[in-house]
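Before any comments, here is the structure.
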Amino acid sequence: MAAQVEDDVANLKLDDSTTKPTNGTSQPDSKLSAEAEDSDDDAEGDGNGTGEAGADGAAKKKKKRKPRKKKKAGTSATAGAKSQTSPPRVLISDLFPNDSYPEGEICEYRDENSYRTTNEEKRHLDRMNNDFLTDYRKGAEIHRQVRQWAANWIKPGMTLTEIAEGIEDSVRALTGHQGLEEGDAQKAGMGFPTGLSINHCAAHYTPNAGNKVVVNYEDVMKVDFGVHINGRIVDSAFTKTFDPVYDPLVEACKAATNAGIKEAGIDVRMSDIGAAIQEVMESYEVEIGGKMLPVKCIRNLNGHSIGHYTIHGGKTVPIVKGSDQTKMEEGETFAIETFGSTGKGYVRDDMETSHYALRPDAPKVALRISSAKSLLASITKNFGTLPFCRRYLDRLGHDKYLLGLNNLVSSGIVEAYPPLCDIKGSWTAQSEHTFVLRPTCKEVLSRGDDY
């Protein structure tokens with residue numbers, strides 16, 4: 001989910017000394033071991049004697065083997081033998097019964113932080129902080145399985161509502177939390193609404209009720225959704241296209257995001273990360289309609305830190321060179337997301353708002369509209385500070401709530417996040433990953449075989 005800030009000016013170079021770590025996997029790591037069976041030669045060897053005794057002995061051996069095979073078949077129904085369905089509906093905890101979820105991509109720290117990899121004190125701190133990592137890795141595994149299914153499932157002619165609900169239903173099924181009972185959505189589920197922003201719209205668009213928009217073959221659609229487990233949010237996004245003409249635009253964002261992740265680390269300045277991202281992104285160009293177009297960073301869209309139950313933390317990660325001297329710190333979680341555009345490289349609020357969130361620092365205001373009071377109580381109980389959309393309110397059975405919702409926004413209690421768009425006729429793309437700065441290494445939680 002995008003963060004929007006003002007751009008600064010400074011120029012720093014990308015350090016290419018990072019070594020590429022091993023990717024995490026998105027498959028269950030428990031496998032059934034093969035059981036050796038007695039060979040026919042052994043059976044014949046045991047029955048060398050003649051007469052009924054030898055025949056009875058052979059028969060008994062066969063009878064003994066059958067129960068063993070049946071028992072093994074029974075154990076094959078354990079969680080390790082299960083696989084995900086299409087669409088995804090198998091609880092992720094059934095695929096990983098011991099809560100042993102795959103690590104993300106492990107990146108060793110560089111330069112003055114390289115000592116952290118083997119430092120005993122840092123290793124001890126790493127071992128002490130495993131509980132929250134389990135929640136993050138569980139959310140990341142759900143994100144991988146859902147997005148990989150969605151990327152193959154999405155086709156031209158589908159409505160945005162169909163796509164959004166397909167992704168969200170899958171996330172809820174894998175977490176085991178449908179979010180219909182009071183407080184259930186705060187235990188696990190959607191970290192924020194599914195963003196499906198098309199072409200010049202870069203971020204924060206999800207269909208409201210009655211939306212009939214259909215995705216077409218020539219569209220460039222950003223698919224941005226989050227999964228949370230106990231408030232630990234994994235935020236990751238990819239760009240879905242059908243026409244290969246847009247491949248260079250998509251690749252520019254992927255490469256720029258990877259450059260930002262490579263540069264990021266403990267005590268690294270935000271300005272350095274922004275410079276690294278911009279250098280890579282703007283080295284690309286794309287030919288559309290016979291015109292060669294440069295790919296520009298959308299300079300007022302940024303990555304961000306992620307807090308507990310808070311998708312946009314207190315820090316932003318620029319995607320252009322600037323003068324921000326803020327540093328990343330040990331233990332922080334960040335989403336690095338990059339946006340490339342063939343337009344102005346600058347977005348503005350446009351179209352109908354769908355995304356909202358209760359402000360963590362919301363003022364205590366006397367609400368005079370009764371519908372606003374009841375709506376605020378429902379938002380607080382069901383979402384807390386997690387972002388939500390109008391469809392989520394519809395799903396909970398709310399009716400005629402717009403007056404109350406607008407009152408909460410105007411009172412400063414709820415923040416509205418309107419769609420962010422470049423100029424019409426332009427194309428925009430996005431790539432995003434979430435990582436955590438562990439004491440000994442940088443773990444890219446959302447990394448998968450797909451991106």
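A Cβ is built for glycine as well, from the same backbone N, Cα and C atoms used for every other residue.
In the three-state DSSP scheme, HIS204 (substrate binding site) is classed as coil. The substrate binding site annotation in Swiss-Prot covers HIS204, HIS312, and the record cites sequence analysis as its basis.
Mapped onto three states, the DSSP output places GLU432 (divalent metal cation 1 binding site) in strand. The number of other Cβ atoms within 10 Å of the Cβ belonging to GLU432 (divalent metal cation 1 binding site), over all protein chains shown, comes to 25. The divalent metal cation 1 binding site annotation in Swiss-Prot covers ASP224, ASP235, GLU432 and rests on sequence analysis.
Within the same chain, residues at least six positions away from HIS304 (divalent metal cation 2 binding site) with a Cβ under 8 Å of its Cβ are ALA3, ILE311, HIS312, GLY313, LYS315, THR316, VAL317, PHE334, ALA335. As annotated by Swiss-Prot, divalent metal cation 2 binding site applies to ASP235, HIS304, GLU337, GLU432, with the evidence given as sequence analysis.
Feature annotation from Swiss-Prot assigns compositional bias 'Basic residues' to 60-73.
As annotated by Swiss-Prot, compositional bias 'Low complexity' applies to 74-83.
The region 'Disordered' feature in Swiss-Prot is assigned to 1-97.
Counting only the Cα atoms, the space from HIS204 (substrate binding site) to ASP235 (divalent metal cation 1 binding site) is about 13 angstrom. Of the recorded residues, GLU337 (divalent metal cation 2 binding site) and ASP235 (divalent metal cation 1 binding site) place their C-alpha atoms 9 Å from one another.
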